[in-house]
Amino acid sequence: MNFFKILSFFSLFVITCFAKLDLNSKTDADGVIQITGRLFHRIVNGKQDFTTVALFSADSSTMNCDVCRLIEPEFKALANSYKLKYGLDSGIRFTYADFGKNKNLFQDFSIESVPNFWIFKPKSIQAIHVDLSHGVTASHLAAIVEKHTGKIADIVYKQDQAKRVGAFLSYIIVGAALFFTRKIIVKIFTSRKVWAALTIITVITLSSGYMFTRIRFSPYSQRGEHGENLWLAGSQQFQFGAEVQVVSLLYTALTMSSIFLAIVAPKVEGAKRQTLFVIIWLAFLWIGYSFLVDIFKRKVSMYPFKLLI
């Protein structure tokens, strides 16, 4: 009789050990079990002697889920941190289910949105739903796991050695490039022409209303009452994105005209050619200002000035 009892206990011990080994073998390097429907029902069956932390998510590239993209590396860091501190026999199992591979499992739990972070306590199939609106960082998730299990682990993020080596090599290449081209770089950054061009571009960009539209999130254009496409807002208090582009183009044309008249015209050889050059760019300048003044008049009906238009 004692022999059969001993044999029964030994058989139970062997089965338990094999069950643990089987579960451990399905754990990846991060300490996460990539589950399918059948495997999850084997893990959470109401008889488990461990806590199951489950993340139900979806591939962010196919589902366009920004939160999924953020939480997945944090969940891996969470599982890896517990694995480093407690090993695989910590009494906590971290499982991950992807929607694309577990549609039936998602239907079984009536999951209609992702991600979902659930905790199943030992001997229970009732999930504890965790609200993710307060954050999805590994530290925040670890605090939740500690609350329900009493175990905590300091979060340790894995260092991607390939990225570190790549970054180091990039720094070396950039440093070498800067060293061998230092004379050219110095000439560029000490050139008056370069700084003049940068200054002109900055002034035109800011004075055309670019920052105004960026701060107010102005639309590019707008439909009028009769379905026409309006690119010019009839008010000084508002501006469309298309209007910024038109005004910037006008400012650029006027600036180039002024530069040609001030710098290039005196260097033109021959009195007749120089006179013709000046007349052409003066006409261009006059026409450009006419369009600019017309825009001012359209935005403010009481604007008193007018040129050609």
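Cβ atoms here come from the backbone N, Cα and C positions, even for glycine.
Because the structure is a prediction, the values reported are computed rather than measured.
For Cys65, the cysteine that Swiss-Prot lists as its disulphide partner among Cys17, Cys68 is Cys68. Through the fold, the transmembrane segment (165-185) approaches none of its own chain's residues that are at least 6 residues removed from its boundaries at a Cβ separation under 8 Å. Within the model, the domain 'Thioredoxin' (29-150) carries an average pLDDT of 87. Helix, strand and coil content of the domain 'Thioredoxin' (29-150), in residues and according to DSSP, is 56 helix, 26 strand, 40 coil. In sequence order, Ser57, Ala58, Val114, Pro115 are the residues near Cys65 (disulfide bond), counting only same-chain partners six or more apart with C-beta under 8 A. Long-range neighbours of the transmembrane segment (246-266) within the same chain, counting only residues 6 or more positions beyond its ends whose Cβ lies under 8 Å from a Cβ of the stretch, are 200, 204-205, 207-210, 231-232, 274, 277-278, 281-282, 284-285, 288-289, 291-292, 295.
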